[in-house]
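Accompanying notes for the structure given below.
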Amino acid sequence: MAMNNSAPSSPYHEEPNEEAKQERAAIEERLINEEYKIWKKNSPFLYDLVITHALEWPSLTCQWFRDVDKPEGKDYMVQRLLIGTHTSGDDQNYLEIAHVQLPKDDINADPRKYDDDKGEIGGYGGNAETRVSVVQRIKHDGEVNRARYMPQNQEIIATKTVSGDVYIFDRTKHLLRPVANSTCSPELRLKGHTKEGYGLAWSPFKDGHLLDASEDMTICHWDITGYTKDTRTLEPFRVYRGHEAVVEDVAWHSLDQNIFGSVGDDQKLLIWDIRSESTEKPAHTVNAHMSEINSLAFNPKNEFVLATGAGDKTVNLWDLRNLKTKLHALENHQGEVIQVAWSPFEETILASAAGDRRIMMWDLSRIGSEQTAEDFVHGGHTNKISEFSWNPYTPWVIASAAEDNIIQVWQPARNIYIIDESEIPPEETED
C-alpha cells in the first residue's frame, strides 16, 4: 500500500550486502520473539480470553457473522467467522467459513487458566482442539483479497479477486467441501475494474447495493438485485472517478443511506452523495494525511464522526460538519495504519491496526484527560496483521488475522475496559 518516496541512492553509499541483510533480519526476529515472550507472560493479567489458531494458509480478510448458536447443555456458544486463503504457487485458494467456540454469556471464563501449548487464555468447556474449525470451503480463483457478507442476507458473500472482478457467492448453494475436480463457480461475477483492490462495502440500507475500490483509481457501485440467472456477469450501476491514485478503501455512511466515503494513495478523503448526478466531483475533498490513506470508518452511533488511518502512522478523526481541519490525531503506532474500525457497542471506542503488529484500542471520551496514549494494545501477533473484526454479539471481543497464518480471538480484561469502577465486581477489587 505504501508508495516508494525514497531518493535515488548516492554513488558513494554502499548498499548492505546479503550477509548484512540476513544478520539484520535475524536480529529483528529475535526482538519480535522476545516481545512475544513478554506478551505471553503478561497475558493472563491483560485478557479475559485469548484463542490462538494456526490456519493452513494466511487469511487477508476477517469478518464475524451476526448469528450465534448456543448448544444445549454446553457452556460455550458457536459463532461464524468469514475468512479466505492466500496460498502460494499453484495451490487452490478458498473462501472459508469457520466456527469459533466462545464462552456463553453466563459463563465466567477463568483468565488464570493459561494453556501454554495452545496459547489459550480463559478456561471453559468444549474441545480445545476445535475452538476454531473451518466448516465450509468454496473454491476461489486466486487469493481472497477481502470478503464481506450482505447485511440483509448473510449467506450472500462478495469477494475481491486478484483479477479485479468481484465474485458473489450464495454459500447455501455450495457444498461444505468442494468436489476435487470442480472449478470456482460464483453465482455472479461483477466486471468493472482493470486492476485488483481491497475496498469492499455492502450498503446497510439497500439490498444488493455494493461498493468496491480498485488500484485502477475508480470505485464501482453495483446493484445485484438487477441480475437474472441467465446472465452470470453484471456491469456496474455507476463508476466514480475522483481519485488520482490507487483507491485503497471505501465505506458507506452508517446512518445516511446516500453518503459514502473513499480514501486512496493520493492522500485524499472523498465524501460522495449518490443523489448527485456527477460521478467525478465528490461532495467534499479533504487532504487528510501526509501519506497514502489505507482505511476509513464512519462511526455507527454518531452521524458526524469518521476516522481515517494512513501510511504516516496516524489515525485522524473528522467531523463531517467541518472537514477543513481534523478533530484529533492519534499518533502512537510505529508502523503504517492499515485499518480503523469502531466498536459496534460503544460510540467512543475505536480500534486501529498497523504494520507494527499491534492493534490499539482508543477511548475518545478520554482525549485531553490524564491517560496513556492508547487504552489497550494487543501485541499477540508476531507478523503483520491483515485485518481484524469486532464481534457484533459479545462486547470487546475481536478476531484478528495475520500474515503468518495465525487467527487470534481475544478480549481485554474487564478491569481494563470498564472505566466506571462501580461496574467492577467486588471480588476483582479486593486485595
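Numbers run from 1 along the shown chain.
Even glycines carry a Cβ here, placed using N, Cα and C.
Features reported for this protein in TrEMBL:
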type     : residues : note
REGION   : 1-22     : region 'Disordered'
COMPBIAS : 12-22    : compositional bias 'Basic and acidic residues'
DOMAIN   : 34-104   : domain 'Histone-binding protein RBBP4-like N-terminal'
REPEAT   : 240-282  : repeat 'WD'
REPEAT   : 286-328  : repeat 'WD'
REPEAT   : 330-372  : repeat 'WD'
REPEAT   : 378-411  : repeat 'WD'
Long-range environment of the repeat 'WD' (330-372) - Cβ separation under 8 angstroms, sequence gap at least 6: 1-2, 32, 291, 294-302, 307-317, 378-379, 381-385, 387-390, 392, 395-396, 398, 400, 402, 412, 417, 419
Outside the repeat 'WD' (378-411), six or more residues from its ends: residues with CB under 8 Å to it: 32-33, 35-36, 39-40, 43, 47-64, 66, 68, 79, 81, 83, 98, 100, 102, 105, 119, 122, 131-132, 146, 338-339, 341-346, 351, 353-355, 357-361, 417
Tally of DSSP helical, extended and coil residues in the repeat 'WD' (240-282): 0 helix, 19 strand, 24 coil
Counts of helix, strand and coil residues, the repeat 'WD' (378-411), according to DSSP: 0 helix, 18 strand, 16 coil
Segment confidence, the repeat 'WD' (378-411), expressed as mean pLDDT: 96
